[in-house]
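What TrEMBL annotates here:
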TRANSMEM  21-41  transmembrane segment
TRANSMEM  47-73  transmembrane segment
TRANSMEM  94-112  transmembrane segment
TRANSMEM  149-167  transmembrane segment
TRANSMEM  179-200  transmembrane segment
TRANSMEM  256-277  transmembrane segment
TRANSMEM  303-329  transmembrane segment
TRANSMEM  350-371  transmembrane segment
TRANSMEM  377-397  transmembrane segment
TRANSMEM  409-431  transmembrane segment
TRANSMEM  437-457  transmembrane segment
Amino acid sequence: MTAIAEPKAGGLKREMGLMSAINVIISVMIGSGIFVSPTAALKYSGSVGFCLVVWTVCGGISLLGALCFAELGTVVPRSGAEYAYLIEAFKKSHSFWGPLPSFICAWVYVMILRPAEIAVIILTFAEYSILPFRHLLGLENLPADDLHLLIKLIGILGLGIITYINLSSVKLYVTINNVFGFCKVFACLVVIFGGIYQLAIGNTENLAGGFEGTHSSPGYIALAFYNGLWAYDGWSSVTTITEEIKNPEVNIPRSIMIAVPIITGLYVFMNLAYMTVLSMGEMIASEAVGIDFGDRALGSFSFLIPLGVALATFGCALSIQFGVTRLCYVASQEGQMLEPLSYIHVRRATPAPAVAMQGVLALAFILVGNIETLIEFASFLIWFFYGAAVVALLALRRSQPNVHRPYKVPLIVPYITLAVSIFLSIVPVVSDPSPKYLFAVGFILSGVLVYTPFVYYKVRPSWINKLTYLIQVLFEVVPSSSKVD
């Protein structure tokens, strides 16, 4: 089968500067959680004072982990984040076992975790996008089943829009993501200034307790930090798109050092703002803390909170899909995914087949519904892969000691991050020993069953060439490398 000719400038293009890199981190880290359900850390802290300490310390720990990825991103200048680092560090160590960790990482992220996350996030976007207009549109008396169907249809429409954006152009993605990034930060600032106003008029009774009631149980403290750290997940997102960052050896570390402290400040002061009008009991019992805060503190401007949630979730889903398609792209280049997933559109310079596949997978999860448990069983693997990436950092320092490192973290930092990743991988299993984690093991084993024939032994079904040709013609894509098989 003859491949379509390749253009002179194949591959991804560096079109994202420092501000765009910062906005990618902000877009992935700030989703609906800080507006809807930031209460688990408060519940296990036992006091408002210790809760704020937990949020601050968790931001610092997240920054340490992000700085490890900043070093890895400058040593391994490829997109894919954890996947790229695992393949670089261990690929040559053993013909079978060496590439296996990177394949399992891609298998979990590409096939289950990221598309399922996108489905849940885009459904949250759909729910909150109609919330300010329910009265205007006469939806208040709509039967629950019809409302659920409407939310699902709006979610599918939202998924189609983000998939179209990521198919169309990186510049279009950057422009829209920058706008949504600024809007969601503005929504956070609305909450913070609302809290400042409440403090100014003397609403401090909920804060008067300080550290009174702080839990001393190691188990509760561990769960407080566990939930706080999960809220900061997404700090590695900029290293997923390294190949599209201008001057990555400078802009990746800078974007991390700017974005993570900004988000830490937003999270701490938003929690403080919530506490000015909501008691501990009310926050813990609330189904949507931000909405309750808006109803009490913002008056006629309370619609800004559901609007902020809608903006945050749309931007988050957009950026998660953008990032995971780059992981598909790199894994395909390494022969660990279908070859056409690394093909690039001839004019738009986007990995169109990878974007389309993620859109289809997310659509399937939306249609299936009830996938929160699926995300729970797979999510604990995220910090396992973070830990594996830190091991890769230590391995690369030993195997490639003379490689130029524009940025290098102190040795204590990766060890702290590794300890945290082990902690976050174990705590959910110990605190809730559910059979669902056996399903996670089963999915990993299924990945090994796929890896062995198709990656290790390179079994190639006869229909692959026809599929490749069909994808090239349908999506107008060409191989990203300089050679065409």
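A Cβ is built for glycine as well, from the same backbone N, Cα and C atoms used for every other residue.
Just so you know, TrEMBL annotations never went through curation; they're auto-generated.
Two recorded stretches are said to be in contact when at least 3 C-beta pairs lie under 8 angstroms, sequence spacing 6 or more; the transmembrane segment (94-112) and the transmembrane segment (409-431) fall short of this definition.
Touching of the transmembrane segment (437-457) and the transmembrane segment (377-397) is concluded from the presence of at least three CB pairs under 8 A, sequence neighbours closer than 6 excluded. If you look at the transmembrane segment (21-41) against the transmembrane segment (377-397), you find fewer than three C-beta pairs under 8 angstroms, all six or more positions apart, and that falls short of contact. Residues 41, 81, 85, 206-207, 209-215, 224-225, 228-229, 231-232, 235-236, 238-239, 242, 248, 252-253, 256-257, 260-261, 263-265, 267-268, 271-272, 275, 280, 386, 389-390, 392-393, 396, 405, 407-409, 413-414, 416-417, 420-421 of the same chain lie 6+ residues outside the transmembrane segment (47-73) yet bring a C-beta within less than 8 angstroms of a C-beta in it. Contacts between the transmembrane segment (350-371) and the transmembrane segment (409-431): absent, as fewer than 3 C-beta pairs lie under 8 angstroms at sequence separation of six or more. Only residues 6 or more beyond the boundaries of the transmembrane segment (377-397), in the same chain, are considered here, and those with a CB under 8 A from a CB of the stretch are 65, 68-69, 71-72, 75-76, 81-82, 85-86, 88-90, 101, 105, 108-109, 112-113, 116, 230, 233, 236, 403, 414, 417-418, 420-422, 424-425, 428-429, 436-437, 439-440, 443. Most Cβ pairs within less than 8 Å of the transmembrane segment (256-277), among stretches 149-167, 179-200, 303-329, belong to 179-200. Same-chain residues lying 6 or more positions outside the transmembrane segment (179-200) and placing a CB less than 8 Å from one of its CB atoms are 22-23, 26-27, 30, 34-35, 262, 266, 269-270, 272-277, 290, 293-294, 297-298, 301, 304-305, 307-309, 311-312, 314-315, 318.
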